[in-house]
Amino acid sequence: MRFYIRKLVAFVSTLILVSVITFLVFQILPGDPAQIILGVDADPQQIAALRETMGLDRSAGERYLTWIKDTLSGDFGTSIRYHRPVADMLVERLPVTLSLALFSLGLTLLVGLPLGIYIARKDGKLSALLLSLFTQLGVSIPSFWLAFILILLFSVTLKLFPTYGYTPWSEDPIGAIKSLFLPSLALAIPGIAVVIRYLRNTLLDQSRMDYVRTARSKGQHEQGIMYRHILRNALIPVITIVGLLIADTLGGSIVVENVFALPGIGSLLVTSIGTRDLPLVQTMVLYIAIIVVSINFIIDILYKVIDPRIRLKR
Amino acid sequence: MTTFRKKFALGISTLSILAIIISGCGSNTGSTNTSNGASAESQTNTDQAQNTAGQAKAGGAVRVAMTTEPDNLDPYLSAATDTQSMMDNVFDGLFEAGENSDLIPAIASSYQVSDDGLTYTFTLKQGIVFHDGSELTAEDVYYSYAKLSGLNGQEPLSSKFSSIASIDTPDDYTVVIQLKDKDAAFLAANIVAIVPKDYEQQSEQPIGAGPYKLAEYKPGQQLVLEKNENFYDKEHAPVLDKVEFKIMPDSNSAVLALQSGDIDMIPGITAQGVLQLGDGYTVVSGPQNMVQLMALNNSVKPLNDVKVRQAINYAIDKDVIIQTVAEGNGTKLGSNMSPAMKMYFQDGLEDYYTPSIDKAKQLLKEAGYENGFDLTLTVPSNYQFHVDTAQVIADQLKNVGIKVTIKQVEWSSWLEDVYNNAKYEATIVGLTGKLDPHEVLGRYETNYAKNFFKFSNSDFDKLVNQGKTEIDEVKRVDLYKQAQTVLTEQAVAVYIMDPSRTVAMKGNLQGFKMYPVQKYNFAEMYYTE
């Protein structure tokens, strides 16, 4: 119980820290936000009016407190650029990022886990060697390049998938899957490579442990040793990696969303920073902070489930 | 234990089968890009496109790749040029901008100016309806202009209408506008959108009288326009049923999408993109009414000496910049006016300073800088085009002993330090053109608030102020041409080029025209068989 209370305190203090830092960064950035939003040709009158609506005529401390108060009461403010409630915009874009995250995670696990086990069992053989060569490639290829190659192959040449855009689930579920397949693949390939490499290394490490020898000497079947003992122990580092991958994709995959023109969290974050849309940026950063902290929390609990020996002392 | 392996194998194969099944469904991705039109490339505004191929086909939809999101759908609150290019199809003004920087009557059928140049009387066409079905009358023009000029008692929304003293509407189809002072630039301002009276939801659901109406706007995805069946100008009635602007932030993806047939048009494609496309596409290229220049701060030493500024102009070879940085896709300039402004453009100035290192050195010697000097060149880092230009210029100025330090700054810092406060020595920037020459050249007037050149010249001020009040068009054109010449002679800046705008379209999409203002006129576009 004390563990959970501690976690909760850490959770809240992280969020407060994040909110203060985001707010401060925007105060330090050079340039008048109103001028940046309206550009070179704006009337001085237009700029003055916008400064007032943005509350720039009040002190920074005052603005920070108002923002915190509003956020706690569930009012995330209105986007300066889009003139719409920030909460609506976030909710509108969540399905894209969520589906993308789920799809790429599914692909990563479905392909990464079996191949990782395979490569560890065939250690030293040619097939394993070839596969690990491919994982080397998968880790080192930048995702935007991979995305372009996928588009060129599957969309331009084979014409199997659309080159860009997102079809909502409510309109056409098959279209939605089609529009998400290539981006998910582009996201999953580096993930798959990482999972395979980690799993292989930990599996090989574990298979040299004493408990494996003990299991063998009591006459247990080789595959039983693999799946019941070794794999379980090897999963801990893999879960850490997968957790990081999830946090990454849920926070919006900026590059892949841009290349495939997907209206997700990542592309919104980029435009909001470029246009100094403070209410939007603050809420997005807060959302990403919540995601990262919660996933770490879940992973800590998962450790305990997989390996009850882990005592969460700290 | 083999069941485990089987399950995994099954998983993988199901996945790959699934991928194939999914892609098999839906037939809209089939190979539809059967382009039969020849690729037409012309240097300036192309009306040859109409003559190239095939019979015009009724209807059809065009999907356009846009890199940025609209900033505001309300025409009075939007400042982004991309947004204006899109929404120009939804709104019409009393006039429309023509291809040759001329004004074409749109909602107005005719106008008269009083002899003192202070009273403008506009006669409106009858039977024009807004997209909501209500008739457009003088009342709506009054409402629109009162809002823009602040005559409705609120903050004015545009400084272009600040010279309006009063607006009268003697009948439903006549608008009489009284100006405070003579203002020749006023006429060109009348391309502004006319909006329906007392309608305040323009940002959410814009309503105008243009050839297309808004059908849908999904932020981050698309903005869809639909043909306005009741468009008043039957001669220029839209042909295409639908225009879909797709928000695609990545320009490489846009090229791939055009290749696969998922979009039909890219309004701003790179030279590399055109190469990648190959044959079978309509490519139109021409000046976009932008002036790329290296501004020199005329108030700091040694740039306050005209000889030094002229020396810099002699030392820089613009052709090299156009060939290397723009890969040949640019029009050489000599003053702050693009040839896209056909009527007002003073030609012959682009070669006023023929590159000559000797002349440059001679001038520097006369100015007392025989051994050159150090120059800081501030460039906005987000514009790779300007950064590349800066590198070429730094190299060229080295030949005459000027040691250039390139300082890259963030766009917001650039706005603050260079544009607002003129704290810089030299900078490279592109200035977007306007329809009226006064808005372009007025930047150099001594009292202009954002005169970041710090240029002050009584001859020049006299010329542009006369131009502002001169109603006679021939005389007015002449005044602004003289003003351009002063800028060149005084070497206020190094006027480099107007980088071309290149538009790539499906081979059978025709009728694209270039304008000196930002607009994509879809009412003139059509598919051929």
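Cβ coordinates come from backbone N, Cα and C, glycine included.
The domain 'ABC transmembrane type-1' annotation in TrEMBL covers A:94-303.
The feature transmembrane segment is assigned by TrEMBL to A:7-29 (among others).
Here the transmembrane segment (A:98-119) has Cβ contacts under 8 Å with residues 128, 131-132, 169, 176, 180-181, 183-185, 187-188, 191-200, 203, 226, 231, 238, 242, 245-246, 249-250, 253, 256-257, 262, 264 of the same chain, all six or more residues outside its ends. Look at TrEMBL and you will find A:98-119 (among others) tagged as transmembrane segment.
If one looks beyond the transmembrane segment (A:131-156) by at least 6 residues along the same chain, the residues whose Cβ comes under 8 Å of a Cβ in the stretch are 115, 118-119, 162-163, 182-183, 185-187, 189-190, 192-194, 196-197, 200, 253, 255-256, 258-260. According to TrEMBL, the transmembrane segment annotation covers A:131-156 (among others).
Feature annotation from TrEMBL assigns transmembrane segment to A:176-199 (among others).
Residues or ranges marked as transmembrane segment in TrEMBL: A:234-256 (among others). Sequence-distant contacts of the transmembrane segment (A:234-256) (same chain, six or more residues past either end, CB-CB distance under 8 Å): 97-98, 100-101, 104-105, 108-109, 113, 116, 143-144, 147, 183, 186-187, 191, 194-195, 198-199, 202-203, 205-206, 262, 264-270, 288, 291-292, 295-296, 298-299, 302-303, 306-307.
Listed by sequence, the residues of this chain that lie at least six past the ends of the transmembrane segment (A:284-306) yet keep a Cβ under 8 A from its Cβ atoms are 7, 10-11, 14-15, 18-19, 22, 71, 90, 232, 235-236, 239-240, 243, 246-247, 250-252, 265, 268-269, 272, 312. As annotated by TrEMBL, transmembrane segment applies to A:284-306 (among others).
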Spatial neighbours of the transmembrane segment (A:7-29) far in sequence, C-beta under 8 Å, 6+ residues away: 60, 64, 67-68, 71, 276, 278, 281-282, 285-286, 289-290, 293-294, 297, 300
